[in-house]
Ligand SMILES: C[S@@+](CC[C@H](N)C(=O)[O-])C[C@H]1O[C@@H](n2cnc3c(N)ncnc32)[C@H](O)[C@@H]1O
């Protein structure tokens, strides 16, 4: 791993590597669909709140003894909706870059365990937020959360049920398609491909004793398994390209797709995008795609926030790496399907056939 990433990151690699080995810093994403009192939330999470581009988050007080501390378990309201969701702040950014509107049809291609789906639901169903003054008035948007793995889809179902109230859940559908073979062509305004990837941080964190701070329990050290190799990176890149190619076809002309990974390997990030641009970059092609000029954040204030958070521009997107930002890693790129391009394969507006579809209760 070291020679490969030293070549990519040069003298930055040792610092980045140690940052990747540190515990992930989680924030609590406040659930605006939950009816627990603000007082109760602040009592458990403390006063440190921030508004990250319209999403309310609590940062966690880090204990001075370096123990990592505990993660307060979110209480539920009377309808069983939980008050907050623990996640890496970096995971907020790809869904925010989609700039989801209230009437959008949204597809989350690789959705489990569901953190980014929850973020997208907050944007899409903002009228349903407690105290919004327009609660319960549906604005017409819908969210499809797809996950190929049955066990992970079960977890996704749990998260969606725990974090969304019934009226919102009725506008959410769970499917179990292979993301490389999506068939709902030309149907969606916004698509998120948060692709399976090498997850170097995860691999590096498995080397040596770990502590699961979210449950405050010590975990036995897993055996050191060298799951990482340049070959494995390339193999992920192939799958990522296949999913991305298939997902792009699900966009309506004019629609936007965010491609993201938590890999620090450029072959899984900008290179995958480059391959897609080689295939779909011709504006006269059946499907024409380009990188969105605004990279998902047209407002200069938001771009300033990204900078303050330590995000860095890459050739085609952004990345947030833990040596500069304390969060991540995450990479994302915003692609837009150029108006006028025609969908290939099934007719525009076709509904998926053969999808494992589940209604959430
Ligand atoms: C990085 S994780 C997604 C994390 C999720 N977006 C979140 O924020 O909680 C990638 C997911 O893609 C799923 N996956 C892998 N191959 C897939 C495929 N061909 N089609 C759809 N999903 C796939 C994996 O099971 C995994 O759950």
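Start at 1 and count along the chain as shown; that gives each residue its number.
Positions of Cβ are set from backbone N, Cα and C atoms, glycine also.
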For this session: Check TrEMBL for me: it has 110, 111, 112, 113, 114, 115, 116, 147, 178 binding S-adenosyl-L-methionine, so pick out which one of 88, 162, 189, 194 it puts in that same site.
Result: 194
Exercise. Can you check which of 34-53, 54-73, 234-253 TrEMBL lists as region 'Disordered'?
Worked result: 54-73
Problem set entry | Where TrEMBL places region 'Disordered' among the ranges 207-226, 267-286, 287-306 | 207-226
Exercise. Quick one: largest C-alpha distance among 110, 111, 112, 113, 114, 115, 116, 147, 178, 194, binding S-adenosyl-L-methionine per the record, in angstrom?
Worked result: 20
